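Colleague: Can you read through this structure? Questions will come right after.
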Amino acid sequence: MAIVKRGGRTRAKQQQAPAKVNNGLGAGAGAGGGIQKAEFDITKKKEVGVSDLTLLSKITDEAINENLHKRFMNDTIYTYIGHVLISVNPFRDLGIYTLENLNKYKGRNRLEVPPHVFAIAESMYYHLKSYGENQCVIISGESGAGKTEAAKQIMQYIANVSVDSGNAEISKIKDMVLATNPLLESFGCAKTLRNNNSSRHGKYLEIKFSEGSYQPIAAHITNYLLEKQRVVSQITNERNFHIFYQFTKHCPPQYQQQFGIQGPETYVYTSAAKCITVDGIDDGKDFKDTLNAMNIIGLSQAEQDNIFRILALILWTGNISFVEDESGNAAIRDDSVTNFVAYLLDVNAEILKKAITERTIETSHGMKRGSTYHVPLNIVQATAVRDALAKGLYNNLFDWIVERVNLSLQGNQGQSEKSIGILDIYGFEIFEHNSFEQICINYVNEKLQQIFIQLTLKAEQDEYVQEQIKWTPIDYFNNKVVCDLIEATRPQPGLFAALNDSIKTAHADSDAADQVFAQRLSMVGASNRHFEDRRGKFIIKHYAGDVTYDVAGMTDKNKDAMLRDLLELLGTSSNAFVTQTLFPPNLLSELVDSKKRPETASDKIKKSANILVDTLSQATPSYIRTIKPNQTKKPRDYDNQQVLHQIKYLGLKENVRIRRAGFAYRSTFQRFVQRFYLLSPATGYAGDYIWQGDDLTAVKEILRACHIPTSEYQLGTTKVFIKTPETLFALEDMRDKYWHNMAARIQRAWRRYIKRKEDAAKTIQRAWRMKNHGNQFEQFRDYGNSLLQGRKERRRFSMLGSRAYMGDYLACNDKTGFGRFVVNQVGIKEPVVFSAKGVILLSKFGRSSKRFPRIFVLTKSNLYIIAEVLVEKRLQLQREFALPVHLIKSVGLSQLQDNWVAVCLLSPTTTTPDVFINLDFKTELVAQLKKLNSGLSILIGPTVQYQKKPGKYQTVKFAIGSGPHIPPLIDSYKSGTVTVNQGLPPTSKNPKRPRAKLGKVDYSKYYNRGVRSLAQPAFQSQPTASYRSEPAYPQPTTQLYATQHQPQQPQVPTRTASRKAPPPAPSTQTAAQVSTLPQAARKPAAPARPAKKIAPQPPVKKAVSPQPPAKKTVAAPPPPPPPPALSKPKHPTYRAMYDYDGSVAGSVPLVKDTIYYVLQINGKWGLVKTMDETQEGWSPIDYLQEESSPSASAATQSYAPTTASSNPVSTASSNTYTNTTQATTMLNGSLGNGLADALKAKKSEETTLAGSLADALKKRQGVTRDDSDAEDDDDDDDW
């Protein structure tokens, strides 16, 4: 993008940093940078505890537990430790995973919303898009803590926010990803004592995203260590995998007939544990979800039939039972069962019987093949072979389902490089009897804990040391020693190595292999304090607690290889799904021909765990630490001891301590500059990177431009460290709003241009209409006057030439303001024709009538009378009456100049009565009513009659009076009589509208962007001791001299005055002097910034050339000439002795000790005007005391000359005042001889002072221009 620079730009302007946008730590600020309140809009309940454990006052395990307990009992299950999420399983649905809740986390950082798993998912997806880094989430915790549910919700969130509903292929991938949850839960989860939906396998789901749009285009699932032992045996009150109960309870009819499926109580594998039905598990609904997931993923009907055929085969295999024959060997109890199993497997029944009751042994002599023997098995051995067949079938079936799902999810992976990984793996387990499955599960959890330690604790501290960041080291437990105890091979072999060696030594006899393994344990843990050897058992001190493992059967489980007899049996099957898919021919050949030791289960889990660690290390991790609050699986049951134990072994206290002492964000200098260079005008311009220096200096410039305090960051050798997440969020928010602000700036410039064009067009149109058709408001005024012409005395203000009938005086038709508030409050929907304030005469019981203030609003249909009332000490507006215009029969007025009007209806009622009102714009109201209701009668006479109540007439008399009790221009009501002063004759007419004075167009309204207006001074001078009114600021000296005294000089084009002018010189005129000036001189002055390129000049003759400005000297300029003598005020001045509230209509309130003009005295009332002549009205003369003259001492103090020690700014200010005072006095024609002589004598000094002032203003111009965009050629394009 090309850089287009505006002419005359200064370097200071170009490098000025953009204003920091402060929006309350959250997104949602407006384009104009306005501060908006950040609030938690998801829940309105009071925050319980702290949402981030780093905010705890005491960092102890007990304090963490207490905070989690409070939040858990308040149904708040999520808490942060920095960016780590702590989740406590509620064991019930809290309604926090709805689509509405999900949408509230889209595009929000974690501080704007309460802690939630959705916030973690949003953070992962945001960093994937913003930084292009692979993401993963590690969910850890013991079994039943809620890991699987957290993984499901993360998948749901990412699929929802990343998918374009218009792309069918993307939507299909999303649906398939979500469908993997119910499918793999059915085949891989089971009910245990601790968890009704415990994952009995590990799963790492990797969702791949497209470049640019970051939408899911593929996915891949990695499976880890299925607990296949559960297929054949479970402890009491546990269940087999969910799919067996779903299938047997709700099997379709065709499968019942084809596969002979019956209820779960029929099969040994589903009924032995005596737990068929579980509260909270709906097997029927789950089975429908499983079938639906199969269809979404794309499993054909044939593939589904094969799956359920294998499930039926496994169930019927478990029902094969044995008895002892005469030789003590195992024999089939019921041949019908084996025959049906052979039917399902598509093998010969006799071959099946031999495979599970006999064992084939081959002997060899060197390279020669030996003899083959068929050894019969006893009942225990035959049962083990039967179970091995069932476990092998289910394990391979599960692996095939995962591969088949991956085949459907592979999509177009060639376009994908970025991914988000979700790890859902079995949690830490401690049972009464722990075997090989538990040591594998706990080993994987140890590896995950090691990743957490390396990536959050150790790596963080190591990085601080490497980057030379100030840091206080914190001790922590590194569990690498436990991982080495299990997986190491050298120098000290671990448990897995010992298991493999035991199998190699005694491979034929499982019991002998267990004994060898028990002997090797003494060498494994000889020097490891985390290991204890017991007889037939051993203890490993895991990070989550001590676990005792049984040696018996561990070596046999580690073999993880099907017997050769079983593989040969499966090879004879006629079912291609079995022989080609589940058990391909190469399995048997590898088992027979391979000279290498077969891969054991420990080898597989170790290999898978290391691959998982490498995968997670290549991504940016997020962490969710789940906590199980009880063992009863009941809601609102919180076991403090159990939770405290988990807090300790999860290391939450150490995590909090490191988090509070560390940094929330770190990045290399290059990446930080690439991300945030837009935030500084020195590094970025219009989206282009323009920095020429090194990255470290660019980082400093960006942080300086964004006003980030040094306490919030540290700079290392290669990275920048941001301490708090709030600072990072502020930087991200400013970056997000950069282009938005640029667009808003262009829009403002365009709207400003359009506004000027519209205003100019309106001005021309208004002048044209007035020339051709006259002023409609004045025409309507003349129409209203004609209605009363010759019949009613008129008030002086009604006959002004500038009086026009504008109608809506309260601005009810505007979109904002008091008038709009009024109509909204009372529910007026129609356009308003007339609105004004006034009073109404209401009678009170037991006393005479009294005036009450009211608001009058007239529409085309109704005349509304609105009252302001106090309700519970709050002012409210209430509609008192709504009088239909077409029902108004007449209006009554007197012949005098009063403002009373009686509005009479055809049939008055209690809700729509006649009213007797008083308002200044009575004539205009009558004219509007007459215009809307042409049949309206206007009754004018010495009395006015109206119905006080329906059927009860009230007559009000009017009389001319005088005296102290009747203020001028104000009437007095008493006992049914209104007394008023004499008014203007009834035949009076309005003179022509006075011509407006010509003046320069004020363009400041086009640049109102939060700075001071041109009409407002940059500061307010202190009022004098005698007066409270604000001072009037003088006109700029340059304009007065150039206009009045040098008309012969050619005009120099000037630039439009700056929007933000420098402060003018303080005025030292007293209010008395200001009052003596003519009206033209007393108008508000412009700021004291001169027009460009025009220096102030003294008055000179035509033949004399102006003297060049003298050079600057260090000597202080001479003091200004003395002020002119104080002239006599044009009106008598009075001091207020008491406060007066001005409650009477037409009066002016008085403030004690304030000076006022008194224009006229009539009895006990005086016509009072404020010193600034903004208010005029009647006030009691007894409250005032006449002043002899203005305070001379105040004036003398105000005109004190500037001393030689005054600074140049003060000198220039005094000089500006002097020039202005002289010019103003010359304009008024009242220049004294003494002042004229002083001016002539000081001609050269004034020229020097004027030049100095011009130079000072020119220097100041560069500063003020930077803060102003009022120039016509400045379109706010400084990016």
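Keep in mind that glycine also has a Cβ here, set from the backbone N, Cα and C atoms.
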Colleague: Using Swiss-Prot as the reference, determine which range in 1-25, 526-550, 576-600 is annotated region 'Disordered'.
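Modeller: Feature region 'Disordered' in Swiss-Prot: residues 1-25.
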Colleague: Of the ranges 237-264, 1161-1188, 1189-1216, which one does Swiss-Prot list as region 'Disordered'?
Modeller: 1189-1216
Colleague: Where DSSP helix means H, G or I and strand means E or B, what are the helix, strand and coil counts for the domain 'IQ 2' (761-786)?
Modeller: 24 helix, 0 strand, 2 coil
Colleague: Using a 10 Å radius around its CB, how many other CB atoms surround Ser371 (phosphoserine)?
Modeller: 9
Colleague: Over the domain 'IQ 2' (761-786), what is the model's mean pLDDT?
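Modeller: Mean per-residue confidence for the domain 'IQ 2' (761-786): 85 out of 100.
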